[in-house]
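The domain 'NADH-Ubiquinone oxidoreductase (complex I) chain 5 N-terminal' feature in TrEMBL is assigned to A:69-119. Annotation source TrEMBL lists domain 'NADH:quinone oxidoreductase/Mrp antiporter transmembrane' at A:135-426. TrEMBL lists A:6-26, A:33-53, A:141-160, A:172-192, A:212-232, A:311-330, A:336-357, A:377-395, A:415-440, A:452-472, A:492-513, A:596-615 (among others) with the feature transmembrane segment.
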Amino acid sequence: MQSIASYAWLVPLFPFVAFAVLLAFGRGFRTSGIVVGSAGSAASLIMSLLVLAERLGTNADDYNAGFEWIAIGEFTLRMGFEVTNLTTLMLVVVSLVSFLVNIFSAGYMRDDERITVFYAYVALFVSAMLALVLADNLLTFYFFWELVGVCSFLLIGFWYAKPEAKKAAKKAFVVTRIGDAGLLIGILLLFWHMPNRSLAFTDISNLFGQPGMADSGMTTLIALLLFLGAVGKSGQFPLHVWLPDAMEGPTPISALIHAATMVAAGVFLVARTYDIFLASPAAMDTVAFIGAFTALFAATIAVAQNDIKRILAYSTVSQLGYMMIALGLGSLAGGIFHLFTHAFFKALLFLGAGSVIHAVHTQDIREMGGLGARMKLTAWTFAIGALALAGIPPLSGFWSKDAILTAALAGHPALFAVGLLTALFTAFYMARLFFLVFAGKPKTGARAHESPAVMTVPLVLLAVPAIAAGFVEMPWNGWLGEWLTGTAEETHGGSLAFVASTAVGLLGIYLGWAVYAKGSIRRDAVSSRMPWLLRALERKYYIDEAYQRVAVRPLLALGRGLQAVDDYVVEGIVRFAGWSAIAFGRAGIRLQNGQAQTYGLTAVIGLLVLAALFVGRRFW
Amino acid sequence: MLSSYLTLAAILFCIGLYGALVKRNAVVVLFSIELMLNAVNLNLIAFAKYGAAPSLTGHIFTLFTISVAAAEAAVGVAVLIALFRSRGTVNIDEFDEMRR
Amino acid sequence: MLHLDITGEFVAFFLLSVVMITGAVLTISLTKVVHMVVSLAAVFLGLAGMFVLLQAEFVAFVQVLIYTGAISILMIFGIMMTEHRAEGTDPVKPLHETLAAVAALSLFGLLFFAIRASDFPEPAPFPFGEDQTLEIGKLLYTGYLIPFELLSVLLTVAFIGAIALARKEAG
């Protein structure tokens, strides 16, 4: 009997069919559009679960299949898919979140005119994301990597009538392009140096797994370039600027693309090419420190933001940094574990935020308040998500964060400290967010009421894994790590990390409660003493302004200069070429005037030229 | 002495060429062509006398040329008359049928 | 090479060439067409004189007869039958005229250069001073009989054609 894994290629195909159908039928139908889109992702989910079930039972071998895509001389390019435990896990996460987001969008986007277009884009994205996960070589991977980038661009700019959305879409596209350029160069270098010109992940793994490849400059360069792609996609410093702005898109999109799946693709890329990184300590350190810096940096910004989605966006950046720390410390399982749990609780938080926005029609948390009484279900599920993010046991976020902190404690104490500090800030801003939105007295919108069931059911369904997803890997139970990597990690059992992270999470929540709910600490306790700090945080450390000044304006000036060159020099040459052809033609027309005398004159001049040539040749 | 005759013939020929290329009256163009023919005749006769092997062949040839020139002149004038009758002009600028 | 033999032939050549070049230039530059014919006739006559100088008496005779006589008269008829108003003096196509002048001058320069550069062999004496007409007649009716007859056919055709072209259209 053939294994189910051999049919894994169906997983991305279902949403693609849904996309094609939606594209073909256009805006003709609304309700059926929702059904088609959701059915596509539901089919993917079922298929993914089947694959997962098969792989859970036995210690299954990796399944790889494909076909020759391009054959150039002796070199052939394959396109294929590969089912490993890692990809299976990603398949389940992506298809589950996308299915729930599809359901949620039915309520959230109900009144939008272009809902069918929306579903078409989402279906395309899901298809591309699943194919990216399944890709068995870097080139195919890159292909779908760009495709999800395009979908992200389309969906951020979905409300293109809003100038901010347009700007944000453009920014996301341009900034991630910087990373993509790095990734492409990395792939090309890899292609250059692979012995048989193979870009398949298995070949890469086999080659770089050998000790001989370790620590060569080229390995480090390739790893860093691949990491640059991950930095762009996963919103790591210094290319994080696009992710908060991407919140201009519809909230379900923020949940799906900019929290759970696409931004995790960077982490996934690092995990998929992990052997290259393992071969280069310098690259590993870079990953870890960039991740740590990003985690802390984004967490501090999140403290001072007032837009509910932006807070969550900076939180996403921060948590992605966490994953990078884990990967950089050599804990593949920790990074993927956090990716896994984060996908659920962050999607839950975003969808909860969407529910709130749907109710009060604002995104500014200072204008919200007291929503807990009227939106019980949303408030409870949001609280679960927030606690999971803050790292309170026994919710899922705690276990994954604990795994990372344990690894950090074993590997690099400074990173452990940064991780703890980040956890403190995380707990604090989540508490601030929760209490400002759901506690206290209502400030506006007495008409706010609970969202319809189509939106709350996905919240409840996401709350379940947000609570329970952590149980697959606990300090005394390394099941996930063993399943993913094949070897059990032995770093578990650090009770210091366990206790410290719990304490820090509780402290952060207490501080948030004390400041924003009880009021026992004045809100301007810090800002009155250090107003510059608050301003810097509110302005996101002036990164955007700095980029504006350092990169954007000089580039714009350069662009103008080049355009001037194009307008006057290049176009001048082109025009001259055209003009000279026309002039030549006109001269020909004038010559061809039908008058015998002109023809005669031409003949005589021709004769003279010929004679001059023949005579002149005698002299030199 | 031969080169003097040849130079004179060249001068005549070039004047005729210029006239044939420039003059607008078709009759004058015919004159210019006669000038060029005459220049050629002069060459033929000059070579018949001063050439490496003097003979009467040059004379015979000149006679033929003169006859052909006469025929040409007759036909040319007849063509001009026919043209003039149909167009009302012998101005060479007006004839550009070759363009079509 | 500046030593010149002022012989009779040279003087006659000089005078005749002055007449011919003047006539040719006038043919081109005069404004009235009838005046042009007169100057052209002067060139024809001058050329006949040149033929005499070159001991081609029979050809000179034919030249006077056909060119100066027949063709000039034919041209006058042509002028009379078409139009004989003055040629427009203003140059309508300055570029064309300039180019034509340059081309003609260059061609002359080329020919002149060729004539100067050539090395002509010393000519043998010209043996046909006496009874030249008889010799030409013999040649025409022996060696050149066929061209001669063909020429007569050509002349016949040309004249019939000329008549056909020039006569008034009957219908």
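Glycine is treated like the rest: Cβ placed from N, Cα and C.
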For this session: Count the CB pairs under 8 A between the transmembrane segment (A:172-192) and each of A:6-26, A:212-232, A:336-357, A:596-615, then give me the winner.
Result: A:212-232
For this session: Residue list, the transmembrane segment (A:596-615) vs rest of chain: Cβ under 8 Å, 6 or more residues beyond ends.
Result: none
Seminar exercise, completed: Averaging the pLDDT values of the domain 'NADH-Ubiquinone oxidoreductase (complex I) chain 5 N-terminal' (A:69-119) gives 83
Problem set entry | Within the domain 'NADH-Ubiquinone oxidoreductase (complex I) chain 5 N-terminal' (A:69-119), residues counted as helix, strand or coil by DSSP | 29 helix, 13 strand, 9 coil
Seminar exercise, completed: Sequence-distant contacts of the transmembrane segment (A:33-53), meaning Cβ under 8 Å and at least 6 residues beyond its ends, amount to 4-5, 7-8, 10-12, 14-19, 21-22, 25, 83, 88-89, 91-92, 94-96, 98-99, 102-103, 105-106, 115-116, 119-120, 122-123, 126-127, 130
